[in-house]
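Q: One structure is given below, represented as structure tokens, and several questions about it will come after.
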Amino acid sequence: MVGFSGDTIAAIATAIVPQQGSVGIVRLSGAAATEIARQIFQIAGQQPWESHRILYGYIRDPESGRLVDEALLLPMLAPRSYTREDVVELHCHGGLMPVQQTLQLCIRAGARLAEPGEFTLRAFLNGRLDLSQAESIADLISAQSPQAAQAALGSLQGKLGHPIRQLRDRCLDILAEVEARIDFEDDLPPLDLEAIAAQLTAAGADMQAILSTADRGELLRTGLKIAIVGRPNVGKSSLLNAWSRCDRAIVTDLPGRTRDLVESQLIVGGIPVQVLDTAGIRETSDQVEQIGVERSRRAAQSADLVLLTIDASAGWSAEDQTIWEAVSDRPILLVINKRDRLSEAERHAIALPQQEFKAIVWTAAAQQKGIEDLEAAILAAVGTGDLTSANWDWALNQRQVAALTTAQTALRRVEETLQAQLPLDFWTIDLREAIAALGSITGEGIAESMLDLIFSRFCIGK
């Protein structure tokens with residue numbers, strides 16, 4: 001896909017929801033975008049065709065004259081467009097037929113169906129975005145919390161790319177000094193080794209400061225999966241309902257009513273959280289319930305955090321011990337539910353298990369009590385605290401973390417080379433590795449195969 005030949009591409013830029021979408025957009029980009037649009041769009045009246053001016057009219061099949069849709073057209077001529085090429089958007093009525101027929105007309109008129117992420121790839125190749133900005137667009141589209149969106153917008157505005165380019169420039173400056181001494185050793189004064197050591201230390205510290213945000217950034221981007229597990233009738237479904245503030249799960253006094261996983265999407269301290277209410281885990285002869293129990297075990301094994309829920313009035317039982325043993329390889333937070341059934345004195349007297357838990361939280365889910373304590377314990381367990389009050393300028397992805405780690409490791413080797421007083425040729429090897437790794441974050445010198453992989457993860461039309 002990389003290295004396009006200047007052809008004109010087209011794609012549907014909005015989600016296709018059959019019979020529900022109010023507006024659908026077909027996007028064109030390339031040298032022939034305006035010509036193709038003129039072939040299929042009939043302007044109503046005497047409206048002037050100007051860049052960034054919306055036109056009203058009709059989409060017609062140029063061969064048969066058949067009316068396809070009543071629409072708006074927005075031309076955005078180069079370089080003032082998303083791709084820095086001529087871009088035309090056709091705003092149709094939503095639903096399947098109008099946008100699909102309009103797209104087919106564009107292709108018949110000479111456009112090519114865009115590949116995933118090709119509009120953003122062209123924006124990158126034409127210099128409108130660096131690679132970190134391009135990746136942030138996909139993050140913004142998939143953001144599941146306001147904080148994740150804020151981080152994506154910060155990166156889109158260059159708040160990650162700018163410090164990365166500064167780090168790369170500093171490494172280039174050091175490399176230039178070193179190579180100058182290699183080529184013109186007799187004509188230049190010796191290197192100021194103390195100054196270079198200080199520069200390397202400062203650059204490494206700046207890299208570490210960026211890397212220190214990686215774990216929290218990953219949580220913002222991908223979120224947490226939490227499984228509520230426990231024996232039947234301890235209040236797992238009530239806990240989910242209280243937490244999600246709606247009746248997501250059926251609650252009865254009869255044990256074993258939850259047979260399948262019930263899922264709820266929440267935001268806890270700025271982190272997207274997928275909560276799974278599982279079937280009560282116990283030995284049972286009911287075949288359907290057995291399936292639910294097995295799904296519960298699998299859900300717990302795949303969760304980032306397990307909420308092992310017990311009944312305060314029953315205390316820690318042998319069944320609870322068995323469940324704990326089944327999930328003990330996962331981080332576990334103990335939730336003691338139905339605290340309202342015990343007096344204060346009885347709560348202090350209850351025999352708590354000796355196992356290690358991330359935290360122990362008392363709740364009364366039926367009365368919606370203890371939820372704030374539960375959320376605080378979860379944030380403490382994952383080591384983030386509340387992220388809603390922080391200003392997020394970026395959220396590193398795994399590729400960026402790997403590149404920064406490579407650069408940091410290479411700079412450490414340069415420091416070791418300096419301390420060992422090895423020849424300058426050894427310096428250049430590691431400096432070049434650091435420069436290449438930093439450049440890969442913003443897209444400088446990155447391999448075409450890597451670009452294809454990155455942009456293939458985008459949706460078609462973006």
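In case you wondered, yes, glycine gets a Cβ from its N, Cα and C as well.
What Swiss-Prot records for Arg27, Glu89, Arg128, Lys462 is (6S)-5-formyl-5,6,7,8-tetrahydrofolate binding site, and it gives sequence analysis as the kind of evidence. The GTP binding site annotation in Swiss-Prot covers 233-238, 252-258, 277-280. Feature annotation from Swiss-Prot assigns Mg(2+) binding site to Ser237, Thr258. Residues annotated as domain 'TrmE-type G' in Swiss-Prot: 223-383.
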Q: Could you find out if DSSP has Arg128 ((6S)-5-formyl-5,6,7,8-tetrahydrofolate binding site) as helix, strand or coil?
A: coil
Q: Validating a neighbour-count step here. Other CB atoms within 10 A of the CB of Ser237 (Mg(2+) binding site): how many?
A: 24
Q: Counting Cβ atoms within 10 Å of each candidate's own Cβ, which of the binding-site residues Arg128, Lys462 comes out highest?
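A: Output for this query is Lys462.
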Q: List the Cα distance (Å, whole number) between Glu89 ((6S)-5-formyl-5,6,7,8-tetrahydrofolate binding site) and Ser237 (Mg(2+) binding site).
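A: So the alpha carbons of Glu89 ((6S)-5-formyl-5,6,7,8-tetrahydrofolate binding site) and Ser237 (Mg(2+) binding site) sit roughly 47 Å from each other.
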Q: Nearest of the binding-site residues to Lys236 (GTP binding site) by CA-CA distance, picking from Arg27, Arg128, Lys462?
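A: Nearest by Cα distance to Lys236 (GTP binding site): Lys462.
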